[in-house]
Amino acid sequence: MNKLALYCRPGFEKEVAAEIADQASHLGVFGFARVQDNSGYVIFECYQPDEADRLARDIPFNRLIFARQMMVISGLLEDLDPADRISPIVTAFEELSQQVNFAQSSELFVETADTNEAKELSTFCRKFTVPLRQALKKQGWLSAKATQKSGQFLHCFFVKPNCCYVGYSYVDNHSPHFMGIPRLKFPADAPSRSTLKLEEAILTFIPRKEENKRLNENMIGVDLGACPGGWTYQLVKRGLFVYAVDHGKMAASLHDTGRIEHCAEDGFKFQPPKRKKVDWLVCDMVEQPSRISLLIGKWLLNGWCRETIFNLKLPMKKRYQEVILCLENLAVMLAEQNLNFEIQAKHLYHDREEITVHIALKP
């Protein structure tokens, strides 16, 4: 068990490779990444046996920015017989189970990468899931409750119709979503599809049980670069009153809610109204990531907000390095003022050439 598989958006394999190598080295684990451009996944191979399992346990999944899923895998199973793919797959799982007790496993995902080529396998994967699940249950696996907070999910990752990896992820340190992708439905009354970015960010960064406490009708938000209102929509839907800052027009449907005030100003120059306590700042402006980072830092240091979600648009080259630089600079700015804070960042499914960052100031 010396291999990890990590899913990602196609085109971001090098960023995942750099990130997993960094995170592994912090734990004293070393290896190399197998990268195929635009494949939608990376295989990280550790130099020492059993270290992949350690990484899957000890690298906090929520600290990985570019990875959608992280799991320990077998070697590649090749030339599977179309008449009986299940037997060698079960055998591979049995080998993994010598090290990990799959009696605590609760779910099976038969998956592909998120590419057009791989998606051609999606119908096969869906049909194959039922007989494979039955075969694994005969081994005494997949019997744990889906709501448990420990144990594993089992994964069968097909790269071709006759080639797959089998593996597992830890329930307390993975994405619970199939292929690592949350399925969100576009609201018919939302002004733009960008609304899904903020919805996914809220679901990713804020625990469900805390959402009503941290986003509610007693709060005020500011949306910088708000037009036409995709992000404002998500705040208004949760009851917030929003100052929507943009020279462009906002959707009439948002004005009709009575929960927004349109401020036709430059997002970089806008300051919150005096005697108003702003709880949330959101920002999805197309600008250099370093400039956005400074803007967000200014809001937090001035006490203009307590919590923020914003996007950093990525450069064409050295994307991982630029992200780390921006996040480190923000952390230094806040730490120098003795602020207690939490930073999370993720390349969300609904992001493209950008990442989404969440910062919360703590008491």
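Glycine residues also receive a Cβ, built from the backbone N, Cα and C atoms like all the rest.
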Matching residue for the S-adenosyl-L-methionine site, where Swiss-Prot names S194, C227, P228, G229, G230, D266, D284 - out of D172, D246:
D246
Quick check: in three-state DSSP terms, what is G230 (S-adenosyl-L-methionine binding site)?
helix
Just how many other Cβ atoms lie inside 10 Å of the Cβ on K313 (active site, proton acceptor)?
18
Cα of C227 (S-adenosyl-L-methionine binding site) to Cα of K313 (active site, proton acceptor): how many Å, rounded?
17
For D246 (S-adenosyl-L-methionine binding site), which residues in the same chain are close in space, meaning a Cβ under 8 Å from its Cβ, but six or more apart along the sequence?
D223, L224, G225, A226, C227, H262, C263, A264, G267
Hey, of the binding-site residues listed (P228, G229, G230), which one tops the CB count within 10 A?
G229
Would you mind ranking the binding-site residues S194, C227, D266, D284 by how many other Cβ atoms sit within 10 Å of each Cβ and giving me the lowest?
D266
